[in-house]
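Now, the feature entries from Swiss-Prot:
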- G11, S12, G13, N14, W15, G16, F98, K121, A155, R270, Q299: NAD(+) binding site (BINDING)
- K121, R270, N271: substrate binding site (BINDING)
- K206: active site, proton acceptor (ACT_SITE)
Amino acid sequence: MAEKVNVCIVGSGNWGSAIAKIVGANASALPEFEERVTMFVYEEMIDGKKLTEIINETHENVKYLKGHKLPTNVVAVPDLVEAAKNADILIFVVPHQFIPNFCKQLLGKIKPNAIAISLIKGFDKAEGGGIDLISHIITRHLKIPCAVLMGANLANEVAEGNFCETTIGCTDKKYGKVLRDLFQANHFRVVVVEDADAVEVCGALKNIVACGAGFVDGLKLGDNTKAAVIRLGLMEMIRFVDVFYPGSKLSTFFESCGVADLITTCYGGRNRRVSEAFVTSGKTIEELEKEMLNGQKLQGPPTAEEVNYMLKNKGLEDKFPLFTAIHKICTNQLKPKDLIDCIRNHPEHM
């Protein structure tokens with residue numbers, strides 16, 4: 001890497017802006033980093049003014065993180081290649097569906113020895129069905145290593161400076177330290193593990209379980225039932241990783257990316273909220289998305305669909321009754337009230 005490490009944040013939504021507060025402060029304070037951090041901002045007009053200009057003049061992302069000042073060394077750039085061309089570390093934090101297109105734009109335009117880290121929770125659809133990990137897509141397209149950062153990190157709470165933990169999954173030890181230095185803060189504690197695939201898979205699977213937790217809330221079944229759904233969800237997450245990404249360590253599931261993120265998503269988070277409304281309102285998931293999420297997309301139902309495709313292919317649906325039932329409820333093959341019958345005789349109880 002260059003003498004001073006250049007950093008670019010690809011994305012400037014709610015989570016991207018929250019992480020920019022930490023990364024910007026660290027780049028400014030630590031001698032190994034170049035102070036100026038570029039942040040790719042999709043250009044849009046806010047009250048007749050460009051969003052990048054507003055951010056660079058007021059140091060606030062008024063659209064996605066209102067009321068929080070960004071460090072003055074974080075510079076909004078509307079051109080993706082311009083933002084990324086000098087970076088030694090590329091932080092990807094955009095909705096996962098943009099990744100293939102962004103990678104095409106960046107191919108051959110970035111430093112060949114750069115590294116990436118993905119903060120993106122969710123999968124892409126693999127060709128022919130099933131799931132493709134975002135970090136794998138980035139590595140495949142850009143021919144650079146890609147670590148992941150996942151944890152119980154609701155963006156607004158991170159921006160507020162409330163204490164939390166996060167997990168970095170990085171298969172190559174030599175990058176672990178520089179990544180930890182970049183993200184670690186007094187209120188944002190980082191644990192680095194080598195089990196990158198398990199860290200990333202946890203970040204996507206927990207959204208399925210959160211839908212189940214939301215159904216339980218909508219049915220008003222109480223805390224004991226919700227705890228059972230969360231526990232069985234964790235067991236199915238562990239089993240899924242065991243089947244499709246063998247070689248992972250059990251201890252990874254007890255890091256922030258696993259059990260902690262699962263809990264926070266099943267009590268807060270949009271997948272839970274919309275799933276509860278799905279039960280109480282009688283509206284479709286699509287209608288509720290439009291009404292409740294201000295243009296954001298739910299990750300739980302599409303992830304459940306891809307996971308179900310993989311389980312079906314291996315004849316494993318009956319070994320994952322919670323994942324299977326949640327998928328069937330999201331696609332109207334089952335009623336929400338059928339959820340409990342589906343998990344009453346879970347393989348865990350046999």
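Count begins at 1; order follows the chain as displayed.
Glycine is treated like the rest: Cβ placed from N, Cα and C.
The structure, with features from Swiss-Prot marked on it.
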residue : record                       : DSSP class
G11     : NAD(+) binding site          : coil
F98     : NAD(+) binding site          : helix
K121    : substrate binding site       : coil
A155    : NAD(+) binding site          : helix
K206    : active site, proton acceptor : helix
R270    : substrate binding site       : helix
Q299    : NAD(+) binding site          : coil
Looking at the recorded positions listed here (K121, K206, R270, N271), whose Cα lies nearest to that of G11 (NAD(+) binding site)?
K121
Cβ-Cβ distance under 8 Å, sequence separation of 6 or more, same chain as G13 (NAD(+) binding site); the residues meeting this, in order, are Y64, V93, V94, P95
Which site among W15, F98 has the most other CB atoms no more than 10 Å from its CB, taking these as binding-site residues?
W15
NAD(+) site residues G11, S12, G13, N14, W15, G16, F98, K121, A155, R270, Q299: biggest Cα-Cα distance, Å?
20
Quick check: with K121, R270, N271 left out, which same-chain residues have Cβ atoms within 8 Å of the centroid of the substrate site Cβ atoms?
N207, A210, T265, G269, L298, Q299, G300
Which of these binding-site residues is closest to K121 (substrate binding site) if you go by CA atoms: F98, A155, Q299?
Q299
Between the C-alpha atoms of W15 (NAD(+) binding site) and N271 (substrate binding site), the distance in angstrom, to the nearest integer, is 16
Recorded positions F98, A155, K206, Q299 vs R270 (substrate binding site), shortest C-alpha separation belongs to Q299
